[in-house]
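Participant: I'd like to ask some things about the structure below.
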Amino acid sequence: MAFRKPFILTLVVFLLLACGQQSKEQLLQTGVAQMAQGNVRGAIVLFRNALEKDANFCAARYQLASAYLKIGKFDKAEKELGKVDRQNPNFPDLPLKFASLYNQTRRPKLAIKALKDFHADHPQTSESLDLLGRAHAVAGDYTRAENYFRQALTLDPNNNSAALHLAGSLWKMRQPERARQLLQDLSARSPDFEPAWQMLGDLEIRTGHPARALEVYRQYATTLKADAGSLFMLGILELQAGERGAAKKVIGELSKRFSRDYRAPLLNGLLLYRQERYGDAALDFSRSLQQRKTPLATCFLGLSQLQQGKLEQAVSSFQQVLNLTPESQQARILLAMTFLRQKRVDDAIDQLRATLKKSPDNAWAYNILGSALIARGEFQAGLEALDAALRIDPELAEAHLKKGLFMVARGQEDEGGAELVRAVAVSPDTLDSRLLLGQYYLRQENFSEAEKVLAAGLRQNPRDALIYNALSAVAFARGDSGQGVDLLRKAIASNPDFTTPYLNLARYYFSSRLNGKAEQVLRRLLEKVPRQRQGTMQLGLLLEMRGDEEAARDLYQTVADDGWPEGFVALAQLRVGHRGRAGAIRILAKAPLRGRADLPGQAMLARLYLEIGQPDSAIQVFHAMEALVPGSGYPQIVRLWLADGQKGRAFDLADRVVRDNPDSPYGYVLKSRIHLFLGDAKAAGRDIAAGLEAVPGNLVLRMKAAEMLGRDGDEPAAFREYEALWKQQPDFIPAGFAVASYNDQHGRKKSALELYRKILERSPNYTPVLNNLAYLLVNNYDNDREAFDLVLRAYRNEPQNPAVLDTLGYVLLKKGQVKESIAVLEKAYRIDAENKTIGLHLADAYRTAGNYGQARNILRPLAADEKFAEVGEVRKMLAQLEKAQ
């Protein structure tokens, strides 16, 4: 690359020296030859030098105008043509060149006038009729345009430009079959005429025939050395067809032939995005943007950031798309969807209403608006927005899905099921509809109907992997684990790059105590999709439980290198396990801070600082947590201050939060926590009441008010308030979770079980419910298989969550996998040593393994804590161990 600029400078100097030695006629002749070879800019240098020798040399000025026209410098072309017109109004073909300029600058009336003047003095030619047809096409008069193009072809059947533009006019007149035939004939007759291939490919794409478009671009690339744009489109089509190997070859050719073109990294980024390698994809999109700012690369950078949970960065990217293309309603909708992920519901609604103001028939905007309004508790308005989406586009399957799921969640099972059936009926090839309807039947234990609906979606293509994966869930649910395994293998065979069936198969083997097979499946996954986060973490956990910490560390390091918080936490846990607090601190201090998922790692970092006697460093971490997620750091800070006797400082902080954010619940909640720490429950209740006066109906404050009732000893009243909240706001999952947890803690296990399952229907990945339901099943129903499946799903969501690790370890203990149980429980204990339940479970695992001394060391301080709910069980276990001493 270093030689490129000197080489170009040398070439220019050589041309300039040569120009001084040539006559104006020689310069013109050389410039025309350069134009024919595609060196337009070199030709411009020669034409301008000819004009320096003779400013009235019209032939050179005409060719200079033609060169400017060819590279899109329309202002300069028009200026030079004007000079030719003044110097020699009768210059041959000058009106044709003006007409071409006017057509390209969308001034059809001037083009038509220029051509009429030309025809007044000259016979019609194929070229002039082609230009006249193009002028009428620019004006939108495609019927007249067709007539002129056909006259041009009558005079010259080999006029490729006229044939191309005739096809374009037929397409505009909604005659795609005639346009297609014409373009096919043209590309066969003139295989080196690139615009015919490009228009034919574009036609196939826009008329909904991607497979035909792919064949066109493949032929084009084989017949000619396609340009960068056409290679890029070929790569896109290969990706869309699932031909990732072919797409990689296209990327290789694009990179080799057009190494500085922005489309090579963009296409590679799209391939990585399809492989769910969002971090690597984002890097390539950024490389593409360094070469050229494009809305497509910026938009997919935002989508990659969204997939990684980098919500603020995604917001910035989508706003940049809007800066580049202010009318991009798609970017505005994506921005609204990101706001919804951030719980910025009002901002999402503002964006969607702005979209609908510009595009009142945008069904997708109404669809997302329905979600936003439902999230804000405006259920009727939300359903009306979904109905509006369906009036505009009755085949918008997702709107049917949302209505169906919302109705099912509100207990309208039949009506909701009917909407799900409609979603499949209007769009039988939309997988989400079919998969959700299958899940609906599965929840009803209507296994035959679930299998029937899912099997009908098989199409003998890579997307069948999703169907086979769903069918495996049905097979496992009805107890046929053999068929479930076979179906997961079919899913992997259908699409080896689809990660979910690998994870499900590994989970089945793990739950069946076939850890070797689970490891094989996970290694196969990582061969196909290197650095896949969930698979890497699960394999690391397996190796760690096996005692191979070095291999586990290498795997966790790759997750950390990709910026995922659980990788840093897992590495830190290994260091702490070897009494390496300083090393663990160094690891956690490097972790990026982006969102809620980073909080457990930061909490661990703060705890480690406290353990080594650095409270100021811990407070700095808590401040960073608070900036990341309001309400996550300040309670820890005031707790430290109160323990140090700094009561005034704690209240000052809470008062400042209230003053700075009067419409937020967090300041009032913080004040109530201070009063609770000081033992003043009545004052804490007054804080929450003041908050409800300032922010009436706030769900967080209502939850806290119910909690205060329970603290005052009126648990039934607290329960009634939780129930009322859940009924009024069925999308407010924490209220439903509180009701289920209350039932669980008060012995109403069946009610808790049913409600936990109902919540998972609404929110399948809600970690607290997955975790609690797993614990309930293993502890009260001896259902360790389903419990294991649930807690592994929770672990997949939050592998650094100590409560999840505790449940996973406890389930492993109940399954008899004691060694593995100890490894997992030790991880949980290292993160949260203050959690007494984790300590009890770890002591139980040590006792089961015969490590009585380690068990006693944990149990003795627990036995002295009268407030610990399970202190009776602790003392009983400790007494048994003391006897065995």
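Cβ coordinates come from backbone N, Cα and C, glycine included.
In case it's useful when we look at the structure, here is the feature table from TrEMBL:
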SIGNAL    1-24  signal peptide
REPEAT    58-91  repeat 'TPR'
REPEAT    126-159  repeat 'TPR'
REPEAT    295-328  repeat 'TPR'
REPEAT    329-362  repeat 'TPR'
REPEAT    363-396  repeat 'TPR'
REPEAT    431-464  repeat 'TPR'
REPEAT    802-835  repeat 'TPR'
Participant: Where else in the chain does the repeat 'TPR' (295-328) make close Cβ contacts, counting only residues six or more beyond its ends and a cut-off under 8 Å?
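Facilitator: Residues packing against the repeat 'TPR' (295-328) from afar: 262, 266, 269-270, 273, 276, 278-279, 281-282, 285-286, 288-289, 334-335, 337-339, 341-342, 358, 563, 594-595, 597.
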Participant: By Cβ distance under 8 Å, which residues at least 6 away from the ends of the repeat 'TPR' (329-362) in the same chain are close to it?
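Facilitator: Tertiary neighbours of the repeat 'TPR' (329-362) are 295, 299, 302-303, 306, 311, 314-315, 318-319, 321-322, 368-369, 371-373, 375-376, 392.
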Participant: Report, as numbers and ranges, which residues of the same chain sit near the repeat 'TPR' (363-396): CB under 8 Å and 6 or more residues beyond its ends.
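Facilitator: Distal contacts: 329, 333, 336-337, 340, 345-346, 348-349, 352-353, 355-356, 402-403, 406, 426-427, 728-729, 731-732.
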Participant: On average, what pLDDT score does this prediction assign to the repeat 'TPR' (58-91)?
Facilitator: 90
